[in-house]
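To start, the structure itself, in structure tokens.
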Amino acid sequence: MAKYAAAIDQGTTSTRCMIFDHSGNVICYDQKEHEQIYPRPGWVEHSPDEIWERTQSVIRGALSKGGLSASDIVAVGITNQRETTVVWNRKTGRPVYNAIVWQDTRTDQICNELAADGGQDRFRPKVGLPLATYFSGPKIRWILDNVPGAREAAEAGDVVFGNIDTFLTWWLTGGPNGGVHVTDVTNASRTMLMNLETLDWDDEILGIMGIPRQMLPKIVPSSMVYGTATGELAGVPVAGILGDQQAAMVGQTCFDVGEAKNTYGTGSFMLLNTGTKLVPSKSGLLTTVCYKFGDQPAVYALEGSIAITGALVQWLRDNLGLITSSAEVEALANLVEDNGGIYFVPAFSGLFAPYWRSDARGVIVGLTRYVNKDHLARAVLEATAYQTREVLDAMEQDSGVKLTALKVDGGMVYNNTLMQFQADILGVPVIRPKVAETTSLGAAYAAGLAVGFWSNTDEMRANWGVDHTWTPQMDEATRERLYRGWKKAVTRTFDWVE
């Protein structure tokens with residue numbers, strides 16, 4: 001009797017397969033990193049073939065570590081780095097180009113040309129997103145314009161588009177031999193091509209962007225049986241798809257209007273459940289789909305996306321060599337009482353929410369001879385907390401709801417120094433759940449819900465529990481003084497790229 005739900009979590013830097021029991025506990029998992037390809041400044045790519053190879057490898061690894069086989073798994077769900085764009089040949093499965101990653105800024109010129117008529121918010125009323133290099137539509141357009149033969153093949157129906165969820169679902173369900181070509185509403189809502197009200201591709205925007213409709217996947221709910229897996233998971237229903245941040249919302253059981261979570265990964269992403277109501281943002285946030293379970297109405301969210309948070313710690317490690325492991329940043333930061341007067345604004349890929357400035361680049365301000373590497377480490381951690389505060393302020397403005405606490409997840413939530421500073425700078429408690437692997441858990445929940453392994457959201461909510469709460473310990477005057485300094489530092493990043 002199958003008694004576990006599996007999740008494939010394909011992230012920006014690594015791929016994991018996690019297997020959960022009915023109580024939401026991790027039974028076993030396997031994880032493998034993949035190569036980050038930087039062909040030019042501002043360009044970021046992944047090899048789709050390597051990602052599929054890693055996916056098969058971690059499925060094998062997780063089953064082996066748990067002493068399990070496909071017959072023990074009720075269903076598998078997929079969660080993924082969103083926006084990252086793959087175009088491949090449907091007959092062979094071969095990509096026509098590397099995956100263009102969400103952080104990649106090569107489509108800046110395409111976005112500027114599209115914004116010349118109607119501005120950055122030209123499509124926002126329909127899609128909830130500003131024109132930005134972050135989203136998939138302009139990336140597809142770049143591939144069609146720059147890869148010889150790609151446009152003709154797309155028009156002929158020979159090459160197809162998908163975000164990573166679509167690419168993996170297609171391969172999992174057979175690839176060239178009958179693979180299912182679908183994407184869920186959460187991933188589709190990040191392409192800039194899906195109408196948020198109809199939950200279908202928008203023909204007017206497709207025409208303006210020059211993207212043939214026949215290359216796009218079918219849009220489906222986040223929880224339903226899409227097909228049956230082949231290979232390592234042969235016979236297991238593929239039954240859940242959620243973009244990584246939406247999956248974390250489901251894993252955190254943020255099913256009520258007004259519930260919010262922040263995930264700290266390569267970047268950071270805060271989402272606020274707005275229910276079945278679309279809330280347009282006037283403060284630089286995104287309106288996005290939170291989830292859609294089966295035939296139930298879609299639930300929407302406001303999202304604040306921050307491009308660089310955890311990646312800044314990696315940069316300290318890999319580019320500067322100031323630390324040898326990410327965990328060391330906390331020890332360094334704790335050697336000093338404050339940031340020594342410096343702020344580090346990591347606009348490596350421009351600034352995302354709430355600014356949407358692709359012309360911004362990273363700055364360190366306030367340097368004096370007094371500053372040492374410990375202060376730099378502290379400023380790196382603080383940058384994550386300040387950026388989160390900016391997003392929270394925007395959310396409260398847009399929604400009219402005052403957040404009373406923030407649920408957190410992701411790798412950085414084990415950094416106590418950061419989490420305490422986060423509570424201090426927000427002025428609200430920060431809560432880490434018992435199962436911090438909420439992204440994978442959310443995908444497992446979506447898949448398990450589709451096959452009746454979990455009967456409703458109440459069953460999932462019963463699994464959620466508090467591991468640790470950080471309460472604010474900073475006085476209001478200090479909080480606002482520090483935050484003013486940050487806001488000033490941010491202005492120094494603008495107008496850098498011509």
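Note that the numbers count up from 1, one per residue, in the order the chain is shown.
Cβ from N, Cα, C; glycine included.
Binding site for sn-glycerol 3-phosphate per Swiss-Prot: T12, R82, E83, Y134, plus D244 from the candidate set D203, D244, D256. In sequence order, G11, G265, A311 are the residues of the same chain, not among T12, T13, S14, T266, G310, Q314, G411, whose CB sits within 8 A of the CB centroid for the ATP site. Between the alpha carbons (Cα) of Q314 (ATP binding site) and R82 (sn-glycerol 3-phosphate binding site) lies a span of roughly 20 Å. N415 (ADP binding site) sits 19 Å from T13 (ATP binding site), taking the C-alpha atoms as the reference points. R16 (ADP binding site) falls within a strand segment according to DSSP.
According to DSSP, G310 (ADP binding site) sits within a helical segment.
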